[in-house]
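**Q** A single structure is presented below for examination.
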Amino acid sequence: MSLAHAAAEYMLSDALLPDRRGPRLKGLLLELPLDRMVKFIAVGFPLLLMSLAFAQEFSSGPPIRCFSPSNFSIRQAAYVDSSCWDSLVHHQPDELGQHKMKSLWPHKALPYSLLALAVVMYLPVLLWQYAAAPALSSDLLFIISELDKSYNRAIRLVQHMLKIRQKSSDPHVFWDELEKARKERYFEFPLLERYLACKQRSHSLVATYLLRNSLLLLFISAIYLYLGHFHLDVFFQEEFSCSVKTGLLSDETHMPHLITCRLTSLSVLQIVSLSSITIYTLLVPVIIYNLTRLCRWDKRLLSIYEMLPAFDLLSRKMLGCPINDLNVILLFLRANISELISFSWLSVLCVLKDTTTQKHNIDTVVDFMTLLAGLEPSKPKHLTHRIGDENP
């Protein structure tokens with residue numbers, strides 16, 4: 001074996017990817033980075049506000065403070081505070097001299113409504129985890145494995161071609177066999193391409209992804225309605241008139257009919273309302289952007305893997321409407337690009353392919369690695385001319 005052939009063998013051996021059998025791909029991402037950010041904010045923010053509401057209640061004491069008559073004892077004043085907080089009804093006199101009652105229950109339900117909000121915003125995440133994540137995981141495992149295997153098969157094919165060229169005494173025979181193999185598509189491994197083509201006709205993943213983001217938008221709209229209908233009605237009311245002449249105290253003449261109380265927790269409700277509107281409004285364009293990504297193909301990822309044999313979804317113009325499972329899979333392949341070891345190698349080969357002076361002879365990684373190994377990617381011109389001279 002000559003020194004050039006040995007160097008070519010070493011170069012091709014180094015280009016082979018390591019075999020990743022066993023416990024591999026444990027860190028596979030089944031959520032896109034922006035989706036994960038939306039999940040943490042949409043679910044974690046109301047939980048943070050709930051802890052703020054409970055902390056304010058424990059640190060500042062009772063959420064209301066009533067101005068009981070001066071002749072009330074401490075126990076009587078505590079009873080008034082407790083009774084008014086339990087009822088939390090504002091008695092407002094109208095023009096006819098009667099009292100119109102207005103409930104202030106959003107103050108009392110604030111921590112629990114935040115907990116319910118966090119649970120509701122987590123429902124789309126559960127939908128994705130149980131309806132789409134298992135199928136997506138198996139798809140990604142198969143596709144990542146096949147992409148790396150296709151790259152390794154291409155490198156091993158070049159190694160085999162190099163050995164055959166070394167053993168062949170007649171270069172005409174070698175190049176004739178090589179041209180025949182290319183014409184009959186021996187170098188292609190169409191299983192992966194056909195699998196991806198089938199994914200273009202499947203819509204289960206994309207339907208679940210659309211449903212997940214649509215539910216998020218629907219729940220955010222419900223938050224706006226809830227805050228506008230219930231919180232806005234009590235947003236500026238700091239004091240209210242409470243009636244304690246109920247039950248056994250209804251006949252007590254020394255008890256005033258109405259007692260003025262002040263809501264010490266009003267600032268918490270205002271902070272929760274304004275911050276919720278701000279945060280969820282900022283999430284809306286992010287969710288819409290996630291949906292718009294389904295309307296276009298990630299052609300850069302596809303163009304890099306066009307260097308693999310029989311991976312010509314772009315060149316054959318096989319890509320149709322992007323709203324299908326294949327586009328979702330491509331988005332997650334981009335998110336798991338660190339698991340695709342072949343991607344970095346093919347990216348380098350694409351750069352070298354664009355800068356080489358023989359672009360018209362290089363279509364796949366087989367052609368390029370053949371050139372790097374010291375073989376011409378196509379039959380040399382002097383052999384072609386010699387054949388033409390022998391057969392005038």
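The backbone N, Cα and C atoms fix where each Cβ goes, and this holds for glycine too.
Any TrEMBL annotation is an automated prediction that lacks curation.
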**Q** Any idea which of 268-291, 292-315 is down as transmembrane segment in TrEMBL?
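**A** Going through 268-291, 292-315 one by one, TrEMBL gives transmembrane segment for 268-291.
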**Q** Hey, what's the Cβ neighbour count for Asn71 (N-linked glycosylation site) at 10 Å?
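**A** By my count, 7.
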